[in-house]
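Asker: This is the structure I have questions about; it appears just below.
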Number of protein chains: 2
Amino acid sequence: MSVTAAQGFEAAGVAAGLKHSGDRDVALVVNRGPSQAAAAVFTSNRAVANPIIWSRQVIGDGTVSAIILNSGGANCFTGHEGFQATHATAEAVAEAVGVSSGDVLVCSTGLIGEQLPLDKLRQGVTDAAAALSADGGDAAAHAILTTDTHAKTSVRTGEGYTVGGMAKGAGMLAPGLATMLVVITTDAQLAASALDSALRNATRVTFDRLDSDGCMSTNDQVTLLASGASGAAPDEAAFTAVLTEVCRDLAEQLQSDAEGASHDIAITVTGAATEDDAVEVGRAVARNNLFKAAVFGNDPNWGRVLAAIGTTSAPFDPYAVDVSMNGVRVCHAGGPDQPRELVDLTPRACSVLIELHAGDAEATILTNDLTHDYVHENSAYSS
Amino acid sequence: MSVTAAQGFEAAGVAAGLKHSGDRDVALVVNRGPSQAAAAVFTSNRAVANPIIWSRQVIGDGTVSAIILNSGGANCFTGHEGFQATHATAEAVAEAVGVSSGDVLVCSTGLIGEQLPLDKLRQGVTDAAAALSADGGDAAAHAILTTDTHAKTSVRTGEGYTVGGMAKGAGMLAPGLATMLVVITTDAQLAASALDSALRNATRVTFDRLDSDGCMSTNDQVTLLASGASGAAPDEAAFTAVLTEVCRDLAEQLQSDAEGASHDIAITVTGAATEDDAVEVGRAVARNNLFKAAVFGNDPNWGRVLAAIGTTSAPFDPYAVDVSMNGVRVCHAGGPDQPRELVDLTPRACSVLIELHAGDAEATILTNDLTHDYVHENSAYSS
């Protein structure tokens with residue numbers, strides 16, 4: 001049900017011919033209210049796509065009536081003509097569903113540097129508006145996919161309200177924020193400022209800690225729309241907890257469908273001086289190609305873990321660090337501990353525990369291994 | 001001739017059984033003077049191997065009589081026992097060649113986290129000392145190799161003096177400094193302080209700008225030994241120029257033999273506000289797996305270049321950037337320019353020119369593509 005699990009929303013996913021495959025490539029989600037509060041977080045990449053430039057303006061007043069998303073083209077580095085295409089898309093949605101274009105968010109995903117075919121996109125908007133329904137969440141979730149192998153959706157319920165979402169990811173998964181397109185809807189009654197705060201708190205510990213390949217996209221956006229249709233008005237903390245569950249579930253689905261990956265790696269750093277240090281250490285390991293290739297080869301090469309930690313600015317003593325892989329402590333106090341042969345890395349799930357012994361803070365970073373399939377998917381064709 | 005091209009040096013390379021292959025794995029270089037001035041730069045990784053801990057102390061007084069290098073084991077994260085092995089190695093060299101152990105540098109390379117077999121290593125020192133000769137440079141250059149496919153040596157001459165060197169690299173090539181073992185000798189007469197300054201200036205624009213895979217090693221060291229045997233006493237600027245040529249030649253040899261690489265990529269950033277900005281931008285592109293995989297696939301995916309630039313803190317306007325690949329400007333002012341089909345990426349050499357239009361500074365970063373062979377070499381066995 002994804003984005004239509006919550007009351008007050010309609011969605012559709014149609015094929016507009018933007019993808020060569022002929023698959024669905026335009027998704028539309030409309031908030032029928034009574035409230036139209038919204039929040040969004042955007043990629044922190046300084047080179048951003050035209051839809052991001054547009055959507056940053058739209059979200060300013062905290063009111064969003066609809067969001068249109070296309071796969072098959074990122075509309076990034078496409079200059080003035082590209083921005084006009086984004087604007088025209090919002091105008092087409094506004095006309096088709098009877099809202100103001102200034103309340104229409106736009107998201108695009110696909111190849112950078114090519115213009116979108118505006119005629120096809122406009123027809124897609126018309127078709128999507130005609131197909132809108134309260135059962136359209138799954139079709140929308142399919143329409144935003146690129147190299148994903150399946151749709152990602154998640155639904156949780158709070159006290160008297162529902163939170164549901166859809167996500168696309170697959171490649172270029174890195175932090176700060178998102179590197180993905182995500183739309184989450186709720187029928188809870190919350191003001192835009194509360195939604196913004198809840199969304200930032202939820203993404204900080206979920207999507208922001210997914211770092212599949214260290215590459216940060218130009219188009220990423222996580223959007224939260226609230227209709228208020230349930231009549232429930234939860235307090236912000238309770239709502240944030242439910243929202244965080246949806247975000248974590250979607251983040252884990254993105255990880256497990258990352259391009260070419262054969263392992264889902266959770267790197268937990270404990271005993272850090274600060275949470276930021278824990279994140280920095282986890283991320284340094286997550287981005288180390290030698291470590292990632294070793295995991296692909298089922299090789300518990302803890303030396304590469306320590307070499308990666310050594311590139312960070314986090315306080316630690318290299319001769320105090322412990323490292324465990326899949327429950328076997330292979331490094332104690334910066335030296336060899338249990339034999340590496342005891343570590344079984346054949347399961348897809350791989351856990352790395354790094355104990356810095358430098359404080360009380362911790363964080364977990366999710367990443368993937370570096371595989372032949374990753375190289376193939378990112379070299380054999382443009383994406 | 002490598003390290004024995006300059007007068008006053010003897011070298012040897014022998015097989016001590018540290019490598020399973022039975023290849024040469026212990027190299028010894030002795031400076032017979034009359035001068036024994038030296039300088040060295042070390043990995044900036046905070047997790048360093050025992051030989052680095054030792055060598056940092058030895059270099060303190062600017063006097064070095066000999067340097068012993070082993071492949072077949074990094075002696076990193078091997079605790080107190082590992083440090084004792086380094087110390088014992090230096091003692092063995094001191095005894096065998098009649099110098100003070102406090103003037104013996106030690107370098108190791110290989111797998112992290114395993115103890116070196118000290119008996120074999122001591123025998124290797126004895127054998128190497130017995131084999132020392134003024135023709136031993138090539139044998140030494142072979143003995144330091146790990147996954148390198150061939151030895152790297154370089155010789156240049158200044159006015160009345162010679163500078164020659166050997167290097168090993170292959171994997172874990174990243175900056176700040178070195179991520180490699182390099183020994184350079186000269187028969188020029190220069191004080192240790194002048195050698196230090198010349199070496200830092202030379203490595204800053206050569207080895208420090210080689211970033212094959214973004215991974216920084218724990219064992220890297222570039223050493224410069226001066227015998228003064230030629231009697232020539234060049235001024236520091238002239239010497240630095242010759243030294244920089246040797247360093248650049250060796251850096252390019254390291255790049256072209258990087259593990260699994262099929263392209264040697266030179267990323268030149270011009271129009272940066274500062275040289276540091278140019279380096280940061282070049283490095284961000286060099287470390288972007290999606291860009292590197294695209295080059296492997298002969299795909300001039302300039303969108304991935306711009307997405308990588310956007311992750312930096314360098315001043316630039318995304319809509320002012322030009323990008324050329326192999327001489328074809330595919331991106332102008334942040335938008336599409338020449339058709340990407342015009343770019344021929346089939347040659348091994350690949351040039352990327354990024355014009356930021358934000359200032360007058362520039363820098364070139366050398367890197368490699370991300371290939372199936374890279375993944376294979378770093379996943380199929382421990383290294």
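Just so it is clear, glycine is given a Cβ too, placed from its N, Cα and C backbone atoms.
No curator has checked TrEMBL annotations; they are predicted automatically.
So TrEMBL says this about it:
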| type | residues | note |
| --- | --- | --- |
| BINDING | B:T146, B:K168, B:T179, B:E259, B:N378, B:S383 | substrate binding site |
| ACT_SITE | B:T179 | active site, nucleophile |
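Surface or core, plus neighbours and distances: that's what I need for these features.
Answerer: There are 29 other Cβ atoms within 10 Å of the Cβ belonging to B:N378 (substrate binding site). Annotation note: B:N378 (substrate binding site) sits in a coil segment as assigned by DSSP.
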Asker: Per DSSP, B:T146 (substrate binding site) is which: helix, strand or coil?
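Answerer: Looking at the DSSP assignment, B:T146 (substrate binding site) belongs to neither helix nor strand, so coil.
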Asker: Near the Cβ of B:E259 (substrate binding site), how many other Cβ atoms are there if near means within 10 Å?
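Answerer: Step by step: centre on the Cβ of B:E259 (substrate binding site), count other Cβ atoms within 10 Å, giving 26.
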Asker: What binding-site residues from B:T146, B:K168, B:E259 have a chain A Cβ less than 8 Å from their own Cβ?
Answerer: none
Asker: For B:K168 (substrate binding site), what is the secondary structure by DSSP, using just helix, strand and coil?
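Answerer: In three-state terms, B:K168 (substrate binding site) counts as strand.
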